[in-house]
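To start, the structure under review is shown below, and the notes come after it.
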């Protein structure tokens, strides 16, 4: 369960979830933002197809669709940097997903905790994080 | 400046930012996640074209590209629910943006603070937030 943000005391059931209600793009994909469930840090954004969504919900292991490899991508399967699903959210238009996760180690392939380690300030790119040394 | 997450003590300059270095999709767009700079809540995801990025950085008012209206969308211009840019981030692949913002009122057109107000739990959709009453 999410611990970072204040929510309504009463959560309201609003019907069964059907993966086909999601709005996938012309390639059959939907963006999924991964957020650290403990501190709210945005870790990465990647893509899911309908089967990725189903597998993520069924296994609790966040599973993307790799557009470059055209295959399922169980996050951390090779690196060990697993994302365990804590809560799964949809946006109002059902065309974007938010996965709250427990992230093992680095989310980024550069070994930084988050992929969003570059800021643009006064026209300059600035690196905010160094690679993790675990 | 971002206050929520622990960063490296030393930020490292890594060159000038050129909007053309971003990877836009075949429609000339890049996804941009808006995150509350104060508490880390993910508020929404929308799209920018290169001119949106330039305008956002120049004006400090987060400016998307509306795919439905095919026009610039200065967030809050009609609703008053303005997003003021606090920090602008790129991901490692330069194909996704993260805007840390001060959000005036509701980010969502349903008047909820965040667009991600629906969770999927045990196969059911659950509303986590009620509309704001400001």
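Note: Cβ is positioned from N, Cα and C throughout, glycine not excepted.
If you check TrEMBL, you get these features:
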- B:91, B:93, B:95: Mg(2+) binding site (BINDING)
- B:92, B:108, B:115: Zn(2+) binding site (BINDING)
- B:44-117: domain 'Phosphoribosyl-AMP cyclohydrolase' (DOMAIN)
Alpha-carbon spacing, residue B:115 (Zn(2+) binding site) to residue B:93 (Mg(2+) binding site), which is rounded to whole Å: 25
Distance, residue B:108 (Zn(2+) binding site) to residue B:93 (Mg(2+) binding site) (CA atoms, angstrom): 28
Residues that sit under 8 angstroms from residue B:95 (Mg(2+) binding site) by C-beta distance, when 6+ apart in the chain: B:22, B:23, B:30
Tally of DSSP helical, extended and coil residues in the domain 'Phosphoribosyl-AMP cyclohydrolase' (B:44-117): 10 helix, 29 strand, 35 coil
Reported mean pLDDT - the domain 'Phosphoribosyl-AMP cyclohydrolase' (B:44-117): 97
Pairwise Cα distance for residue B:91 (Mg(2+) binding site)/residue B:108 (Zn(2+) binding site) [Å, integer]: 24
Which of B:92, B:108, B:115, the listed binding-site residues, has fewest other Cβ atoms within 10 Å: B:92
Fewest other Cβ within 10 angstroms of its own Cβ, chosen from the binding-site residues B:91, B:93: B:93
